[in-house]
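The structure appears right after this line, and notes come after that.
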Amino acid sequence: MGLTKQYLRYAPSGIFNVVASSDCNISHVTLNGISGRYIAVGACEHVIIWDMRLGEKAQVITGEKVVVSQIACSPTGNHMAVGYVDGNINVYDLNSNEVICVFAGHKSAITCLQYDDQGHRIVSGSKDTEVILWDVVSETGIARFSGHKGIITSVLFINGKNCVVSSSKDTFVKFWDIETKHCFKTLGGHQTEVWSSILLKEERYLVTGSTDQELRVWKLVWTDKIKEEDQIAQQLEIVKLEDGDSEESSVLQCHQVGTLVRGGKGRVVGMATDPGQKVLACYGTDSLLELFAFCSDEDAKLRMNKRIKKQRKRLAKQAEEADNANENLDVAEILTLSDEVRRLTSMKLSGKMKSTTLLLGMSGELRVGVSLASNTVEMHSLNISESSEVKCLKQITIPGHQKEPRCVTFSSDNLAILSASVDSIKIWNRNSQSCLRTIPVPCGRPVSACFAPGDRHALVGCVDGQLLLIDVAAGTILESVPAHTTNCAVVGLTPDLRGCYSGGGDKTVKLWQFELIDDPTGESKAKVLSLLHTRTLELEETVTAVKISPNSKFIAVALLDSTVKIFFLDTFKFYLSLYGHKLPVLSLDISYDSNLIATGSADRNVKIWGMDFGDCHKSIFAHNDSVTALQFVPSTHYFFTGSKDGKVKQWDGDSYDSIIILNGHAGECYGLSVGAGGLHVASCGSDRALRLYSRTDEPLVLGDQDEEEEGLATGDQHAPVPGLPGLTMPTKKTIGAEKAADSILECLSVGAEYASQVAEAKGAPVQPPVLMAAYNCSTAEDFLLATVRKIRSSDLEEALLLLPFNSACEVVKLLPTLLERGDNTELLCRLAFFLVRVHHAPLVANRHLLKYLIQIQAKANMRLTELRDMVGYNLHALQWLQRDVEANESEQLFREATNERRANEKRTRRKRALKRPIVTVT
């Protein structure tokens, strides 16, 4: 049997034009020990760290196929947690750019992420209304908090009390205890969705933002600390207690102490604070960023004393005017919100805000990073100690269009790419993916583009009918030709490269000829390129796509009546009509030999026709939405299609097979272009990304497609454990967990078979199975340990859940021998404890397994005691070393101070000795 037809695989080779995705937050990052200079942003499936001093990319954390929705940097500065729209969380090492661990627990997009103050735990919230707590060190889920009925909008750690605060669109703010894994308090003082919440001033104040113009400020008072509170704070609680609501039974008392009135319009979109929780930033649906500073206790008391002084003066003045000397001038000395909070200078930005991040320096300088809806990242600075003006330190906007690019095209040598959006036309270097030229668009939105012969000029058709002639080298528009009265939908070159054609919404197709004319501006003696209109083809319907056959014999025109009409190019005489599409054809192309014409329609179908008789060779249901772009690969019958479903696909026009589905756009794909020789493909879409794909030397055989990536959810993801309805796993079942369970089952069967062979041999040497030899194992216990160690930590518990009970019993029988050795104690104890917790009743009821459980209990206790002793010994040794170092340093400081004092005294004595003889002589 012969080998099936081989193709060459196309692989993604770059994403550019995205400065910052508007759907992802931004965060300050510390790189190489430098903070306040770098900002991390989500850019489709990658994370870009921008150097805000140089305006360049300092680092790129590359993702796979899923769009980034949330990022969080660890307080230690060496890790970054990245949440994706499929619900997975990857933790990256910023030094090596490698994935440390993967957390799979959510069903849908991550909406909020936060580290604790040590950087050891992460709490995540998602659109699936769940909050999950993860342990970064052991790479496992700790707890799943279920209770919200709406999308989670923010999650926060209260580090001092080991609890988590979450807010949701269900109007509630919930407090969760990490120890008991339950909600111990629900805050219900909001009428509408809680869009954001933030903790401030040493986690004593909670600020929540809703759909109105007020930020509600809540004071958190823990009942075990009430006795320590001073008298003023107690009076404050009594005054502010709302509606006689008694909360004596709760461990936490939460009272609204006031509101901060916003100046921005619309709902609260987001809030942010600096790591020290001193400054609050709030922004809404407009371009205003408001800043509030929470004062220290000393400053707040000073402000209160000033306020009371003013009030007493005013009351005294009123009493004098009223001639009432007996009026009481006492003012209650109670701290109010106006004493605690002061408003800083608001920032009016150049566009609609999407995210912000704050960093407060030691000198009082506040660095504010913002991402705008216009694909822009900015860094601003102001001093909070003095009411200074806001300074813009850097704005990064050149490396991307401010609006969605609508068309893309390659130059003839594949070295340059042109893209156009409503704000500008940009020319890119394909190799470095950097922006070479930016040309402002003076008229309507560009919808079509191509390079002129020689690649020194380009043609761009706009929605208002203008055809722009661009000088690529100078980055200027030479001429704006009124080609059509409305929408110049198509522009392309004629096969002889002496002219071009354009099709528009005015029901005409026009042919143009290139000509050189004298410079109309008179600035140069050199001639400049211009267009001369030669012929016009008039039609009955609006033109949506046009193509001239490579043999210059026919011109094919797609019309709004869902048909494609083919005319002779020389006479414009009608030749064929291709009908069969149910909706208008949006794109078409003719193969290099002028034998095939392929049409892509809004009815989601691609039809392949013969040019000789106009017969439909094949109709392919190609995409799940309108086919917006179609182009043949030069010198082949392969063609690429792009669609509103975001996918980019390659097809074989002879066998009608789908060759490859490329990782497309997160949203609609508007256009694509195939470079010369089919070496590169570029596409543009609604996610603002320009995606580049390159042909590799790797052969691709149909039917030999890769399996779906690990991490795709399968089955009933969050079902409670059978027999244990109270046990809800923080993780979800993934393909990785299923593969891990299969590997354990295979390991147990191979190990059991080998053990039986060893028993039958009665001491004679037995060759271990190939799989065991590959792991370099000689016993079934070693093989089990090697297999379990290769399983990803976050998948281990889900894999153990998938094991049948008899396999779990086999694992339990092997554990005592492994625990006896003393290595990998932590992993083995985790294995044993989880299996016993899940299968407790049947395991205890089985008499044969009881002795193994007793052995596990004894040996696990012994090994854990050894570990505990070792950790305690090391901890106290390190503390002793620390005390020793501190003592040496203090001794050194003391010695230096003593020497300095002695030197000062010596100087003083010398001066006195000099003064004495002078005085005596006088």
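The backbone N, Cα and C atoms fix where each Cβ goes, and this holds for glycine too.
Unlike curated records, TrEMBL annotations are generated automatically.
The feature coiled coil, as given by TrEMBL for the ranges 161-195, 301-335, 336-370, 476-510, sits at 301-335. Per TrEMBL, the listed range annotated as region 'Disordered' is 707-727 (candidates: 518-538, 707-727).
Residue counts for the repeat 'WD' (103-144) by DSSP state, with H, G and I taken as helix and E and B as strand, are 0 helix, 25 strand, 17 coil. Tertiary proximity for the repeat 'WD' (61-102) is limited to same-chain residues at least six positions away from its ends with a CB under 8 Å from its CB atoms, namely 21, 23-31, 33, 35, 40-49, 108-115, 117-119, 122, 124, 126, 128, 134, 136, 139, 275, 663, 666, 687, 709, 711-713, 732, 792-794. For the repeat 'WD' (187-220), the list of distant contacts is 150, 153-154, 156, 158-161, 165, 167-175, 236-237, 240, 252-262, 267-273, 277-278, 280, 282, 294, 337, 340-341: same-chain residues at least six beyond its ends, Cβ to Cβ under 8 Å. Mean pLDDT for the repeat 'WD' (145-186) in the predicted structure: 92.
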